Each structure stands twice: as structure tokens, then as C-alpha cells.
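Asks: Annotations per TrEMBL:
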BINDING   ALA23, VAL24, ASN28, SER252, ASN284, LEU403, SER407  Na(+) binding site
TRANSMEM  12-32  transmembrane segment
TRANSMEM  44-65  transmembrane segment
TRANSMEM  85-105  transmembrane segment
TRANSMEM  167-186  transmembrane segment
TRANSMEM  195-222  transmembrane segment
TRANSMEM  242-266  transmembrane segment
TRANSMEM  278-299  transmembrane segment
TRANSMEM  394-416  transmembrane segment
TRANSMEM  437-458  transmembrane segment
TRANSMEM  464-487  transmembrane segment
TRANSMEM  508-527  transmembrane segment
TRANSMEM  554-580  transmembrane segment
Amino acid sequence: MSKEARPSWDSPMQFVLACVSYAVGLGNVWRFPYLCQMHGGGGFLIPYLLMLVLEGIPLFCMELAIGQKMRLGSIGAWTAINPYLGGLGIASVVTSMYLCLYYNVINAWSFWYLFHSFQSVLPWAECPVNSNRTGYLEECEVASPTQYFFYRETLNISSSIDENGGIHMGQALCLLLAWIIVYLFIVRGVKSTGVVVYFTATFPYVVLIIYLIRGMTLHGAWNGVKYMFTPKLEQLANPQTWINAATQIFFSLGLGFGSLIAFASYNHHNNNFERQAIVVSLINSGTSVFASIVTFSIYGFKATFNYESCLERMRLLLLNTFDLSEETISIENVSSWISHLNYTHPERFAAIASKIEDCSLEAELDTAVEGTGLAFIVYSEAIKNMPLSQLWSVLYFIMLLLLGMGSMLGNVTAIITPLGDLKFLSRTLSNETINGLVCLLCFLLGFGFTSRSGNYWFTIFNEYAATFSLLFIVFIEVISVCYIYGLRRFEKDIEDMLGHRPNWYWKVMWAVISPVLLISLFIFYIINYIQGGTPTYQAWDKDLGKSVVKEYPVYGQAFIALLLVSSVSCVPLAALYAFCRRKQRGTPIRQQTASAASSDI
């Protein structure tokens, strides 16, 4: 496909919505609120917004500029910049492939929960009865109905990664459905994606607004919101707070996957990507804060519900133990009664001392949960206690699906765009066929995540498949643009597209600040990984009804190492391949670079 015949977005708004749909994902809902909770509530916004300015917006703008100038996917764009850098695009494609394999599994879980929401009683609202119908299932009783539904009904999880078990057919069908929908969304490239993003980028905000209105009317919601906006400024002295702020900005914007380069490659030559980079970055961060307000209102409701339930249990325990009238003890004065009865009736109180719980609203609010634990357990726990719980469940899981599907559009585009740019593929296969084969391959490779041990492999991919490689990829990107391609040359390219050169802010960020931040994060990741010792994972123990820590077996550790190395090794291997080809042809590198920049891949 020639650059002249390359399809393009129907309008700049389509491109902005595609970037918003891609960048605003599940991490905004389940990762950012967790970080706020861990690092000082509203005080976390200070390092977060600072990192947005120093790292997020400049790197986002750089990737858009590369894609729009080269009008190629990641592999073609970096090869055009320098033949030795083709491996950078390949590394991005490999990382995006890893992400696609496990990310769509989350969409499959959302489908599973959505389908089970259309019942008179939500299946995670109460424990199922045992086979003798004499009581509830023991695993559910020792855990909770929401945990049981997630770990047993949804995952049918094994007790360790070593126990494979069979395929969960319900999950397998949900995963198939998720991939079919992804294919329908991207079947005609930007022509179909451009239509879909109007819905995937906007409807989640409708649901969030509805949830905000509902959340603020829930009993105890303000306890959660106050908790979020009460800054604990002492956390600013914690280096981990700044590191987490930087990594959250980095991954939330989707840098390094090649998706932004692919999206921008369908822009018109004079599109104002600079303004769009700022707008999309601010929308993404604003959404994180907005989603946190919604999440903390739900947190407040759940924490208050659990706190008052604890007080009510203590009230009933005291009433049943001591000769007191019903009106004597209320949940407002139960704590003082515990102290009073312990002082006046020490012997009788000693008999129930082991049953006394320490009820604390602050402790409930301090319980930090992220990821699937927040999305599928904590939220489900809160939803089941709401009036019209089925309605709120349907809305919530539709929102999760749209957030997940919107991100999947970018993830898959990062793969299919570079493949579509390859002449030998585009000459023999139609774009629809290439897109279908990519989706089919990802589905087949991701099929193992629906086995009983699949969630443990999901965790490996989630924790190790992208973080290390993306830090490496984006660091090499910014170094390549500034010091190999040349910052002045890059400035001229931007002037050619926008009519003006980038100001001092962009140049200082690209040349100095962002590389320093990236290399610091990269070094920290390596040190943290080495000091962490043997990698561990959370295994579900059905007898205890909770997760326990286990070490990965040797083959699991070897697979982690393979994931860490496989994508980043593409960069030196492709450079070595380019060098060998150059030696065979006897072509000077400058001539080869000029040739690559002036022709299609």
C-alpha cells in the first residue's frame, strides 16, 4: 500500500476519540484509585500531575509526530528513521501481542458477569447451598459470596500453577465472543474503528456520571470521598510515591506499544497533533481523577456498610450476653458499652472476649485493592448491597467492556497496521484477512487463560510481559529521535507539518528530562526485580477461603525470563540483521537511511 493511497480518519475528532478510547482504559478505574489510596489520597495528585507534564505529554506528542510524519506503522516508521531501528517497531508489535493475549480475557470475564447480572438475585449476592441442601458450600462460607463467584464460578481456579485442569467452557465461549467483537470493530481498519470509537470513547463517561450521581446518594459515600481528598503530604517524601506516579502516567497513556504511531499514521499531513496530544493527555488524567471520585464514593458506601455491620454484630453479642434492654445499646454507643461492660463484668466479658471485633471505619477505608480484585470483587460486593442491584451491575459491566474494548482497538491496531504495511503481505492478503488471522491467532494463543490454572499465567503476563520492555522501548525511542535521527531534523519535520517549530518546553523534555526519568525508572525496575528474590504469586486456597503466597516453579521463572527478554531482544537482533545485510550489499548507512525514508516498507 502506498502512502498516498493510505486510508485516513474522516475527521480530527475521530482520531482524538480513538486516542481517548485507547488511553482511557481499565487502569483508570482500578489502578489509579488504588494508588491514591496507597499514597496519601489527594496528595498523590501532586507527583502525578508533575509527571504528566515532565513525561506523559512530551512522549505522547513525540509518538504522534512520528506516526503522522512517516505515515507507517511502528516497524515501517522506525525502519524509515534508521534501518538499524526496525527492531524497535518489532519489539512494540511483540509487546502489543502479549498484551492482546491476556487483556481480552478481562473482557471475557466482563461478559461472564454481564450475562449473570440478568437474574432475580445476583449469583454473587449469596452462597450456593451444598449438595445435601443442609447448608452453604464450605468454600463460600469461609470466603465470601463475591470471592467464591470470582474464583470458583468464573475462574474455577486450581490451587497452584502446577495443577492445570481442564478448560472452563463458559469462559472459553466468552473469550471467543470478545475476539469476534474485536474483529468486527477493526475489520475494515480505520473506517470501521472510526465509527466504533464514537461509542467506546463516550458511553463509559455516561455510565461514570450515572454512577457518580448514584454513588453520592449512597449512605457513607462522603466518607470515601473525604478520605480521597484528605492529603497525607508525608507520602511525598516516599520515593515509591513518585515512582508509581511516573509509571502510572507512562502506562495509562499507552506509550511504547506502537498504537499511537499506528493511529497517527492515518492522520492528514497537516493535522495539529501537538494540540491533540495535550487534549488527550489531560482527558486521560482527568478521567482517572473523575473515576476515583466515583470509586471512592463506592468505597465509602462499602466501608460504612461493613463498619456498621460490625457494630451491629457487637451490639447483638452484648445484648445476648448481658441482661440489657433492646433500646439500651445502639451502634452509636456500642464501643463505649464494650469498655463499660469489660470494666463492670470482667468475668462474663472474658467469655466473649474472643468474639469481640475491632470495628474501625478508618481501617475499612485503608484496605487497598487494585486490579481484578477491585473490578470484580470489591465493586461486586458494593453493587449487591444497592437497591436495584441488577441494573447497576449491568451498567457497570457494560462500562468495563467498553473500556476494555476501546483499549483493545489500539492494541490490535498496533499489530495489524505494521503488518498491513508489509508489501509481501498486502499483495497476497486483503486487510480483512490479515486482521482476521491476527484475531484468530491471539484467540488460540489466549485459550490457555481459560484453563483452571489460566489465572496464574494471566498474572505472569500482566506483571512481566510489558513493564520492562515498554520502559526499554520508549527510552530507545526518545534517544533515537533526539540523538540518532537528530532533534533539529525532528524540529524541521514538525515545522513541515504544523507550520512552526516546537518550543523550548518540548525540546527540553525530549532531549533531557524524559530520558533521565525513563532511565531512572528502568534502573529501578531492574534493581527491584533483583532484590525481590524468587518471583511469587497469589494462589487461591479453597480451604482457607483466601489467597496465599507461593513461589513460581522453575519453569514459571524461566517463562518470566523469556517474556522479559523476548521483546527487548528484537532491537539488537534486528540491528545485527540490518548490519549484516549492509555488509553484504556494501551500502553506506547514510544512503540506506535515505532510501528507507523515501520508500515504502
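Positions of Cβ are set from backbone N, Cα and C atoms, glycine also.
TrEMBL does not curate its annotations; it predicts them automatically.
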Asks: Would you mind listing the long-range same-chain contacts of the transmembrane segment (242-266), meaning Cβ under 8 Å and 6+ residues beyond its ends?
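Replies: Contacts of the transmembrane segment (242-266) (Cβ under 8 Å, skipping residues fewer than 6 from its ends): 6-9, 15, 18-19, 22-23, 25, 27-28, 31-32, 35, 38-39, 44, 47-48, 50-52, 55-56, 59-60, 63-68, 70-74, 77, 89, 92-93, 95-96, 99, 190, 273, 281, 284-285, 288, 407, 410-411, 413-414, 417-418, 466-467, 469-471, 473-474, 477, 517, 521, 524.
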Asks: Below 8 angstroms Cβ to Cβ, which residues of this chain, lying six or more residues outside the transmembrane segment (12-32), approach it?
Replies: 106, 190, 193-194, 197-198, 200-202, 204, 248, 251-254, 259-260, 263-264, 266-267, 271-272, 276, 279-281, 283-284, 287-289, 291-292, 295, 370-372, 374-375, 400, 403-404, 406-407, 409-411
Asks: Cβ under 8 Å, sequence separation of at least 6 from the ends of the transmembrane segment (554-580): give me the contacting residues as numbers and ranges.
Replies: 83-88, 90-91, 94-95, 98, 161, 460-461, 464-465, 468-469, 472-473, 476, 534-535
Asks: Answer with yes or no whether the transmembrane segment (85-105) touches the transmembrane segment (437-458) by the criterion of at least three Cβ pairs under 8 A, sequence separation 6 or more.
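Replies: By the criterion, they touch.
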Asks: Can you name every residue in this chain, apart from ALA23, VAL24, ASN28, SER252, ASN284, LEU403, SER407, with its Cβ inside 8 Å of the center of the Cβ atoms of the recorded Na(+) site?
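Replies: Apart from ALA23, VAL24, ASN28, SER252, ASN284, LEU403, SER407, the close residues are VAL20, TYR22, GLY25, LEU26, GLY27, GLY254, THR287, SER288, GLY406.
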Asks: Given the cut-off of 8 Å on Cβ pairs that are 6 or more apart in sequence, determine whether the transmembrane segment (464-487) and the transmembrane segment (394-416) share at least 3 such pairs.
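Replies: With fewer than 3 qualifying Cβ pairs, these stretches do not touch.
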Asks: For the transmembrane segment (195-222), could you work out the same-chain residues 6 or more beyond its ends whose Cβ comes under 8 Å from its Cβ atoms?
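Replies: Counting only partners 6 or more residues beyond its ends, the transmembrane segment (195-222) has Cβ contacts under 8 Å with 14, 17-18, 20-21, 24, 185, 287, 290-291, 293-294, 297-298, 300-301, 303-305, 307-308, 386, 392, 395-396, 398-399, 402-403, 405-406, 409.
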Asks: Are the transmembrane segment (44-65) and the transmembrane segment (508-527) close enough that 3 or more Cβ pairs fall under 8 Å, when only pairs 6 or more apart in sequence count?
Replies: yes
Asks: Check the transmembrane segment (394-416) against the transmembrane segment (44-65) for contact, please; criterion is three or more CB pairs under 8 Å, pairs 6 or more apart in sequence.
Replies: no
Asks: Inside 10 Å of the Cβ of ALA23 (Na(+) binding site), count up the other Cβ atoms and send me the figure.
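Replies: Excluding its own Cβ, the number within 10 Å is 27.
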Asks: So for ASN284 (Na(+) binding site), how many other CB atoms are inside 10 Å of its CB?
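Replies: Other Cβ atoms within 10 Å of ASN284 (Na(+) binding site): 24.
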